[in-house]
Amino acid sequence: MIDLKIVNSELDIGSAMNSVNSPQCGAISIFIGTTREHFNGNKVKTLFYEAYESMALNEMKSITVLTRQKWPRSCEHCIHHRIGEVKVREASVVIAASSPHRKHAQEAVSFILERLKTTVPIFKKEQYEDGSGVWKANEECAWKSNN
């Protein structure tokens, strides 16, 4: 099963875990990305995410196809990303994978996260306590010029 979501509400970690639970698999690995309160000396109030949703979901599906090719014994994959306002300590992304053994589940989650950050059109604005804010360029994204 592949479970892909982009939502404008709090992420359900339990739902993500349940979506990859499989009787053929003995391991579930989960990554939860949360908003931290400081970045480069600035106190973060919230993050604000926007997405080109249809393209993002298509790219997320492509990531799961690549993941299955690299780890054919991995059972299930889940990518849930939140858009809109995400406060400090709240989750903005949940990635989960299951496999018969932990190594492949952990490797799959790491691969999915790196691909998500480099290929999926989801954009983040950091909003600071002092009222300022900045759209963050994902330094890992494939379309960013490194000049």
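Cβ coordinates are placed from backbone N, Cα and C, and glycine is handled just like the others.
Copied over from TrEMBL, here are the features:
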BINDING   H101, R102, K117, K124, K125, E126  substrate binding site
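Features per TrEMBL, on structure.
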residue : record                 : Cβ contacts under 8 Å, 6 or more apart
H101    : substrate binding site : G26, A27
R102    : substrate binding site : G26, A27, S29
K125    : substrate binding site : L47, F48, Y49, E50, G133, V134, W135, K136
E126    : substrate binding site : F39, N42, V44, L47, G133, V134, K136
**Prompt:** Counting across all protein chains shown, how many other Cβ atoms sit within 10 Å of the Cβ of K124 (substrate binding site)?
**Reply:** 17
**Fill in**
Record-listed substrate binders H101, R102, K117, K124, K125, E126 have a maximum CA to CA distance, in Å, of 37
**Message:** Let's check the environment of K117 (substrate binding site): how many other CB atoms sit within 10 Å of its CB?
**Reply:** 16
**Prompt:** Secondary structure at H101 (substrate binding site) (DSSP, helix/strand/coil)?
**Reply:** coil
